[in-house]
Amino acid sequence: MTRLFGTDGVRGLANKKLTPILALRLGQAAAEVLTSDRESYERRPLAIIGRDPRVSGEMLDAAIASGLASRGVDVVRVGVLPTPAIAFLTDDFGADLGVMISASHNPMPDNGIKFFSAGGKKLPDEVEDRIQAAMDNLTEDGPTATKIGRIISEAPDGRERYLKHLAEVVTTDLSGIKVVVDTANGAASKVAPQAYEAAGAEVVAIHNKPNAFNINEDCGSTHIEKTQEAVVEHGADLGLAHDGDADRCLAVDAEGNVVDGDQIMAILAVGMKEENDLRFNTLVATVMSNLGLKLAMQEQGIDIKETAVGDRYVLEELNRGDFSLGGEQSGHVVLPDDCTTGDGTLTGLSIMARMAKSGKSLKELASVMTVLPQVLINVPVSDKAVILNAPEVKEAIAAAEAELGETGRVLLRPSGTEELFRVMVEAAEKEQARKVAGKLAAVVAAV
């Protein structure tokens, strides 16, 4: 049986792979699985649904809400809000489950559905498998009359609750900091500028006018050059770029240099260690993090725990070890004491708070880490499963590792959300990394 769930929920081309019928059935199955172990039966199960502003979101929102209600779940639809806001609100409302409809940084025609359990936590693989199994065994025998769930549309205070939460978490006065924020015409188009302004920062917002069709279009964290240009143009102290669902954040210093997720983690880790907030002096990162992060943390006396790629695996390790900071090079930064998932807006606030407390520029803070040259090539493939077992790929990897020696590394892995295979090479020199990565990518493409 083909697994329906990827590393970040169910994704696909909206109305083709991800249809309203599929969304309805997902809602029904999730209702059965996620409400079966409830401790309290004093009220009906409750679900929170949010979405990003892409055009298919309204259609899928209505479908999954109907599926949940048809299985006796009351539904609160909070409208367009970031993924971390839905995780927070699931907990804040005391809901039994949360649903976010978004394809994150993917192009507008795609969409996705991800679930949160009670407390706003991402689902483990085992629970997702139970939902898929429940879909295969759905019947028409649903509740009737008064046992059907109610649907409350566009709950008015969801955004206000989330903004209040952010203000309570980051209390540092950000007055005197000028920030450009690119919201990717996505889910944070309103809340991110509002949160930064509420903290005292002077905000220049760009790509913050979603029209259902322009999400991630030449903007946001996947087009960081737009933020770089705007920071220089407006003479800002920094820039922050989010993706479509605002669970990630990349930064730009005053000179227009990119500060990626690894550098952001290094900045926050050092600051948290100074304030005795970095539990066990440990940072959780993935195998894709730059070798420079490991070297910098060693210098600072900070340990690194490595995980597979994907913020869900970072979250699992954070929870397992009770650590207080983790993330990915892509800009997913997780502060588990304050949010159950990556939160781009909270990350932005935390970066600016570190600047305000230290009196240092972002460039000065980022200098704690030297980024080694890294080349990443995304290779479209038809069957991700066969790549790593192909003899020619194994031979190419061995040759690349021999060429790089101890001054670099090679990592090949399938994308969890797209039909791509990622080829990553780090080396002492950029040209060497580019050359080795190009050779490997050509071999992968030919399989």
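Every residue gets a Cβ built from N, Cα and C, even glycine.
Values in this document were obtained by computation on a predicted structure and should not be read as measured data.
The 10 Å shell around the Cβ of Asp247 (Mg(2+) binding site) contains 35 further Cβ atoms across the protein chains shown. DSSP gives Asp247 (Mg(2+) binding site) a coil state; it is part of no helix or strand. Annotation source Swiss-Prot lists Mg(2+) binding site at Ser104, Asp243, Asp245, Asp247, citing sequence analysis.
Summarising the annotation, Swiss-Prot assigns phosphoserine to Ser104 and lists sequence analysis as the type of evidence. Listed in sequence order, Asp8, Thr83, Gly112, Asp243, Gly244, Asp245, Asp247, Arg248, Thr417 are the same-chain residues at least 6 apart in sequence whose CB falls under 8 Å from the CB of Ser104 (Mg(2+) binding site).
Under DSSP, Ser104 (Mg(2+) binding site) is assigned to coil, being neither helix nor strand in the three-state scheme. If you look up Swiss-Prot, you'll see Ser104 marked as active site, phosphoserine intermediate.
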